[in-house]
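A.B. asks: Please find one structure pasted underneath; my questions will follow.
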Amino acid sequence: MVQYHGADAAQRFLLTVMNMVYNMFQHQSLGARLNIRVTKLVLLHTRPEKLKVGHHGEKALQSFCHWQYEEYGTRFLGNNHIPGSRDDPPPVDAAVLVTRTDFCVHKDEPCDTVGIAYLGGTCSPKRKCVLAEDNGLNLAFTIAHELGHNMGISHDDDHATCTGHSHIMSGEWVKGRNPSDLSWSTCSRDDLEKFLRSKASSCLLHTDPRNRYLIHLPAKLPGMHYSADEQCQILFGTNATFCTDMEHLMCAGLWCLVEGDKSCKTKLDPPLDGTECDADKWCRAGECVSKTPIPQHVDGDWSSWGSWSMCSRSCGTGARFRQRKCDNPPPGTGGKYCQKASVEHKVCEGPPCSKGLPTFRDQQCQSHDRQATKKKNQMMTAVINDERPCALFCTPVGKDAPVLMADRVQDGTPCGPYMSDLCVNGKCQKIGCDGIIGSSAKEDRCGVCNGDGKSCKIIKGDFNHSRGMGYIEAAVIPVGARRIKVVEDKPSHSFLALKDSSKQSINNDWKIELPGEFELAGTTVRYVRRGLWEKMSAKGPTKTPLHLMVLMFHDQTYGIHYEYTVALNQTKEKSSETVKEAKHMYLWTHSSWEDCTVQCGGGERRTVVSCMRIPNKTMSQVNDSYCQIENRPAPQIRKCNTHHCQWVTGEWGHCSVTCGKGLQRRDVGCVYQLQNGTHIPTRDLYCLSSKPSVVQHCEGRDCLTVWEASEWSKCSSECGRGSRTRTVTCRNPQGLCDPASRPSEEETCEDHSKCYVWKTGEWSKCSSSCGRGLQSRVVQCMHKVTGRHGSDCPGVLKPPAYRQCHQGACNVKVNVNTITSPRLAALTYKCTGDQWAVYCRVIREKNLCQDMRWYQRCCQTCRDFYTSNMPTNSS
């Protein structure tokens, strides 16, 4: 790339590109403030030896990641923390390699791929890398797109809700779109938010405060740095110029003319913003508009809030949201992005949910289950994970096998049972009394939002009736009461009961309800029962009187404590006389009990010591300064939740091996049991006994059956199909081998090793009428059954095809030149010795004795060869 542009031009080009990338990450559609800062620019005039960049993009990216880590890892790209020394170079969060090599992702050949990066690799020393192809000034889109991948943003095509639109994270670059005109999709925004919430983005939280390492990006529009001619040269080479015939359409698409060509060409991309298109005009977002000054360092500001969305729930408490944009004005070059959140949530209240309906979280579990199994008869129930209260965990009813069904519950889902906090965007958010989620506004004890608690008084009382059977009224809570709390002092066999004037009730008419939420007297009452201990609470205000009763059994109750607040003007209207302050009695009382320290296994709870004022026969809580501090009693301590936590074990899994010694595993959890028999998971530390084993040894049963077979015997036939046998023995000590798995003792076989034999014909007549001669015959390898010729006969057993013969002495001199057979010559030629004794051994080894020319020169050696290999006449 440096060779193509030149060093100075390459630096100018890259800084212009990164300025465009900066602006894309400042776009309000991203929903987060991400500043792209260039801290180091390295121009590679020659390619380093360890940096391998070829057509295979994946291998090139891997090579670049290793190279940048080894070359600059400890100095520039190290641990992603702010350096401790003033002279230390700054860290970076991602490294980008720009190259003009045409690469492909998984193939070692050129293709249309222009960029590649590791998904979510930012902050990882060896994965925070981007490889981008220099394809002109659209390189800005490529780098922004791949940096998005590096920060955990997937393609829009991977999300069903974001396909079919052109955004920065679209799978393909859309021709004719200006990079500065593109925005981020809502799916990209969600992916980035998820990444920023994860630990993988930790390095982005650190910013080097020193500016001396910061490379300042050009503040001007990119088209002000590159004329139309220069942009054409970047696209089509140094011999290209802007096509003046298309000047009237230049902002819609950049047309160029290459020297020597007769027609203009284009890549359909518009010129850069700031490119001059007419007198005092420039291209902006694809249109030729009048030049206006570029505001410098304009900080962004919020637009007005949009309208509230619909409530996330059709009944009960839910959440709604509204949004605003940082475009009033949008942040200019070098300006700051808007502070605070762009989305605001608040609580919304629908009509009360019908009694008996599953909770909102249970409904989500059942919905996920129907989608997954297509069955409507399987009931799923929600399980709240203390560490991830806003994730959806579900388990079949009656089983303790929670499974993660979704990373987020729906907005407006309570973070836990009997909690007012709600889950929004996967986070548990506090709800202010002003209805704004995340607000810190709180109600005082009088129900006044952000009040001082002076507009009401607390009414407290105790009920200690110890004799009787059936319903006994303990108190009447008046209209307008708030912060109602009724709690048993200790577990007992009695039951708390409430009833309003419309006959709505809890535990009335000898019908005991399961714990949950109930609508009485115009407010929601939460009923909690843990074993034999009960508690009722309501926010209020009540619209009708509430009758508090106790259902007694066995003439026994350990007492209950109740309290609520009423407005001061309400108490004055009902009070017929005033009591002077001097007649009040002040004393310390144990006004209430704190919650138990554990859920099971034996814990403690302490009393809350309060200063009480007792005019006549009523009492109310006052400031502790009215009581003598030296007489303050120590809190009472009682044991609570003494019922044992118990271990629950699952079934043993399969043995890890089918033969021999292996391991089995099972699930083991600590639970406590409610009065209705339901088991609730809790922490292992609450189970006091030793935890049952999670792993045990096992032995695969297949080892119990062992048959042992001997080697196969020889085939019964030496020519053709036969059979062979072996001995099979049971090696089980008890002789319990499975007959079904017994190996066979006999099988068919074929052996053709002795099918072929040598067949010979009759001997011929002697080749000489006198003296020594030679006889021959036909020798053939034939199948002894079919008679077919073959080549499988043993060579060592082949019968001779020639033999000597003798017909008596000859008187006629034989002319050797007329003898054509070397074997016959060996018998008839009168040899006086070798003429070439030095070479005759080689003549013999090379089998040249058959040639009479060589035979005459080496007759002795050749004659010895023939006579020694010639069969004798046995006739």
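Including glycine, each Cβ sits where the backbone N, Cα and C put it.
From TrEMBL, for reference:
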ACT_SITE  GLU146  active site
BINDING   ASP93, CYS203  Ca(2+) binding site
BINDING   HIS145, HIS149, HIS155  Zn(2+) binding site
DISULFID  CYS65-CYS129  disulfide bond
DISULFID  CYS104-CYS111  disulfide bond
DISULFID  CYS123-CYS203  disulfide bond
DISULFID  CYS162-CYS187  disulfide bond
DISULFID  CYS232-CYS256  disulfide bond
DISULFID  CYS243-CYS264  disulfide bond
DISULFID  CYS251-CYS283  disulfide bond
DISULFID  CYS277-CYS288  disulfide bond
DISULFID  CYS311-CYS348  disulfide bond
DISULFID  CYS315-CYS353  disulfide bond
DISULFID  CYS326-CYS338  disulfide bond
DOMAIN    1-208  domain 'Peptidase M12B'
DOMAIN    827-866  domain 'PLAC'
A.B. asks: If I take the alpha carbons of CYS315 (disulfide bond) and CYS203 (Ca(2+) binding site), what is the distance between them in whole Å?
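C.D. replies: On Cα coordinates alone, these residues lie 43 Å apart.
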A.B. asks: Tell me the Cβ contacts of CYS264 (disulfide bond) under 8 Å, same chain only and six or more apart in sequence, or just say none.
C.D. replies: CYS243, ASP245, MET246, TRP255, CYS256, LEU257
A.B. asks: Per DSSP, what is the residue count of the domain 'PLAC' (827-866) in each of helix, strand and coil?
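C.D. replies: Summed over the domain 'PLAC' (827-866), the classes give 25 helix, 0 strand, 15 coil.
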A.B. asks: Return only the integer: C-alpha distance in Å from CYS203 (Ca(2+) binding site) to CYS65 (disulfide bond).
C.D. replies: 18
A.B. asks: Name the residues of the same chain, 6+ apart in sequence, whose Cβ is under 8 Å from the Cβ of CYS288 (disulfide bond)?
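C.D. replies: CYS288 (disulfide bond) has long-range Cβ partners MET250, CYS251, CYS277, ASP278, LYS281, TRP282.
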A.B. asks: Measuring C-alpha to C-alpha, could you say which of the recorded positions ASP93, HIS145, GLU146, HIS149, HIS155 are within 10 Å of CYS187 (disulfide bond)?
C.D. replies: HIS155
A.B. asks: In sequence order, which same-chain residues at least six apart have a C-beta under 8 angstroms from CYS129 (disulfide bond)?
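C.D. replies: Spatial neighbours, sequence-distant, of CYS129 (disulfide bond): LEU61, PHE64, CYS65, GLN68, ALA94, ALA95, VAL96, LEU97, ALA117, TYR118, GLY121, ASN150.
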A.B. asks: What does the structure give for the C-alpha distance between CYS111 (disulfide bond) and CYS311 (disulfide bond)? Integer Å is fine.
C.D. replies: 49
A.B. asks: Within 8 Å of the Cβ centre of HIS145, HIS149, HIS155, which other residues of the chain have their Cβ, at the recorded Zn(2+) site?
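C.D. replies: Along the chain, the qualifying residues are GLY115, ALA117, GLU146, GLY148, ILE153, SER154, MET169, GLY171.
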A.B. asks: Within 10 Å of the Cβ of the residue listed as 'active site', how many other Cβ atoms can be counted across all chains shown?
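C.D. replies: Taking all protein chains shown, the residue listed as 'active site' has 22 Cβ neighbours within 10 Å.
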A.B. asks: Going by Cα-Cα distance, which of the binding-site residues (HIS145, HIS149, HIS155) sits nearest to CYS348 (disulfide bond)?
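C.D. replies: Considering only the listed binding-site residues, the nearest one is HIS155.
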A.B. asks: Provide the number of Cβ atoms within 10 Å of the Cβ of CYS65 (disulfide bond), excluding the reference atom itself.
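C.D. replies: Taking all protein chains shown, CYS65 (disulfide bond) has 24 Cβ neighbours within 10 Å.
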A.B. asks: In terms of DSSP three-state secondary structure, what is the assignment for CYS65 (disulfide bond)?
C.D. replies: helix
A.B. asks: With Cβ-Cβ distance below 8 Å and at least 6 positions apart along the chain, what are the contacts of CYS338 (disulfide bond)? List them in sequence order.
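C.D. replies: Once residues fewer than 6 apart are set aside, CYS338 (disulfide bond) is near GLY300, ASP301, TRP302, CYS326, PRO331.
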